[in-house]
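A.B. asks: Structure provided below as C-alpha cells; questions to follow.
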Amino acid sequence: MAFATRHFVRAASSSSSAAKKLIVKHVTVIGGGLMGAGIAQVAAASGHTVVLVDQSDEILKKSTKGIEESLKRVTKKKFADKPEAGAEFIEKTLKNLTTSTDAVAVVHSTDLVIEAIVENQGVKNELFKRLDKFAPEHTIFASNTSSLQITELANSTTRQDRFGGLHFFNPVPMMKLVEVIKTPMTSQKTFESLMDFSKAVGKSPVSCKDTPGFIVNRLLVPYMMEAVRLFERGDASKEDIDVAMKLGAGYPMGPFELLDYVGLDTCKYIIDGWHSLEPSNPLFAPSPLLNKLVEEKKLGKKTGEGFYKYK
C-alpha cells in the first residue's frame, strides 16, 4: 500500500521518558472549534486540568460559551432529579478549564497536547514542530485528525515515540468512541497512556494502525462515495437510497443526509487526499457530482444546501 511505503522513520528520542506509563493530569487542547471545545469539555468534566488554546480571545469566548451550554444540556439528563448537584458539576468543570492564545507558554507544564485545528498537513506540522521545542520531555502529543497520516505529523517532531492519534467523534460529549492510533514509532507506554486517558474521559477506545481513515472513516467515506456513484449512474434517487439504508440497514441517517451533515467539502478533502495516496484504488475515486457541488459552495447543512436544501 502506498500509504505504508511512505513512512519516514527518524531516530526516536531517548526512551527514558517511556520507562513508565504516564498518568495524564494536565491537558492542552489546541483549537477552539466544535471538536477542540468538546474534547476540552470532557477532559475538564472528568477532573483533568485543561487549557484550551486558539488564536483570539473572541474565538475562545465563543468556545467557552458553547461549553457552558453543552454542560447545561448534559446536566439536564445526568442530574434531572438533582439540580444542585448539576450546578455543582458545571461549576467544578469550568474551574478545571482555562483558555489562552499562547500555545508555547502553556505547554511548559502539560502532560498531553491534543491538536484539533484545521485539517491541513502543513499547518499541523508547523504547530507540532514549534511546540516540540517547548513541551517537557514526558509530554505526549496527539492529533485529532480524521484523515491525515499520524506518522507524518509525528515526524515533524523529535518525540515520535510519544506521539499518537486520538480521533474523537462529533459531538464529543455525546459520542462514546475514540480511535487511538499507534504509529510504527509510538511506544507501548505512550499507547497505553492514550488508551487510559480515553477511558478516563468516559470514552470507549478502539485501537488502529496508521491507515487512511483509521476504522470508522475508512469504512464510512467509501460507503458514502459509493452512494453518490449509485445516484450519479441514475440507478436510484438519493431519497430512495437514504430510505433504503435507514430501513434496510438500520442506519440513523441515509448516506446523503450524512454527507450534508458532515460537510461536502470535508468529504471531498478526505477522498482527494486518499486518492493522491492510492490513485488506482477505485474506493478512493473522486466524484464529478461532489466536486461540482463543492465548487458551487453547496456544502450541506452549514450552507443551507448540499444534496438537500435546508431552511
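Every residue gets a Cβ built from N, Cα and C, even glycine.
Quantities reported herein were computed from a predicted structural model and do not represent experimental measurements.
Annotations for this protein, taken from TrEMBL, read as follows:
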- GLY31, GLY32, GLY33, LEU34, MET35, GLY36, ASP54, GLU119, LYS124, SER146, ASN170, LYS302: NAD(+) binding site (BINDING)
- SER70, LYS77, SER146: CoA binding site (BINDING)
- 26-211: domain '3-hydroxyacyl-CoA dehydrogenase NAD binding' (DOMAIN)
- 213-310: domain '3-hydroxyacyl-CoA dehydrogenase C-terminal' (DOMAIN)
- HIS167: site 'Important for catalytic activity' (SITE)
A.B. asks: Taking the domain '3-hydroxyacyl-CoA dehydrogenase C-terminal' (213-310) alone, what is its mean pLDDT?
C.D. replies: 96
A.B. asks: For a three-state summary based on DSSP, what are the helix, strand and coil counts in the domain '3-hydroxyacyl-CoA dehydrogenase C-terminal' (213-310)?
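C.D. replies: For the domain '3-hydroxyacyl-CoA dehydrogenase C-terminal' (213-310), the helix, strand and coil counts are 65 helix, 3 strand, 30 coil.
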A.B. asks: Which of the recorded positions SER70, LYS77, SER146, HIS167 has its Cα nearest to the Cα of LYS124 (NAD(+) binding site)?
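C.D. replies: Nearest listed residue in space: SER146.
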A.B. asks: Let me know how many other Cβ atoms fall within 10 Å of the Cβ of MET35 (NAD(+) binding site).
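C.D. replies: Counting Cβ neighbours of MET35 (NAD(+) binding site) within 10 Å gives 21.
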A.B. asks: Counting across all protein chains shown, how many other Cβ atoms sit within 10 Å of the Cβ of SER146 (CoA binding site)?
C.D. replies: 22
A.B. asks: Between C-alpha atoms, which of these binding-site residues comes nearest to HIS167 (site 'Important for catalytic activity'): GLY31, GLY33, MET35, ASP54, LYS77?
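C.D. replies: Closest candidate to HIS167 (site 'Important for catalytic activity'), judged by Cα separation, is MET35.
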A.B. asks: Rounded to a whole number, how many Å is the Cα of SER146 (CoA binding site) away from the Cα of MET35 (NAD(+) binding site)?
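C.D. replies: Rounded to the nearest whole number, the Cα-Cα distance is 11 Å.
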A.B. asks: List the residues of the same chain that sit at least 6 positions away from ASP54 (NAD(+) binding site) in sequence and have their Cβ under 8 Å from its Cβ, in sequence order, or write 'none'.
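C.D. replies: Non-local contacts for ASP54 (NAD(+) binding site): ILE30, GLY31, GLY32, GLY36, LEU60, SER63, THR99, THR101.
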A.B. asks: How big is the Cα-to-Cα gap, in Å, between LYS77 (CoA binding site) and ASN170 (NAD(+) binding site)?
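C.D. replies: Counting only the Cα atoms, the answer is 19 Å.
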A.B. asks: Between the Cα atoms of MET35 (NAD(+) binding site) and SER70 (CoA binding site), what distance do you get, rounded to the nearest Å?
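C.D. replies: Computed Cα spacing between MET35 (NAD(+) binding site) and SER70 (CoA binding site) is 13 Å.
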A.B. asks: Write down the Cα-Cα distance for SER70 (CoA binding site) and GLY33 (NAD(+) binding site), rounded and given in Å.
C.D. replies: 13
A.B. asks: Looking at the recorded positions LYS77, LYS124, HIS167, which sits with the largest number of other Cβ atoms within 10 Å of its Cβ?
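C.D. replies: Max Cβ neighbours within 10 Å, all protein chains included: HIS167.
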A.B. asks: Among GLY31, GLY32, GLY33, LEU34, MET35, GLY36, ASP54, GLU119, LYS124, SER146, ASN170, LYS302, which the record lists as binding NAD(+), how far apart in Å are the two most distant Cα atoms?
C.D. replies: 24
A.B. asks: Report, in whole Å, the straight Cα-to-Cα distance of ASN170 (NAD(+) binding site) from SER70 (CoA binding site).
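C.D. replies: With the alpha carbons as reference points, the distance is 13 Å.
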A.B. asks: Cβ atoms within 10 Å, counted per site: which of SER70, ASN170 has the most, among these binding-site residues?
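C.D. replies: For the binding-site residues SER70, ASN170, the Cβ with the most other Cβ atoms within 10 Å is SER70.
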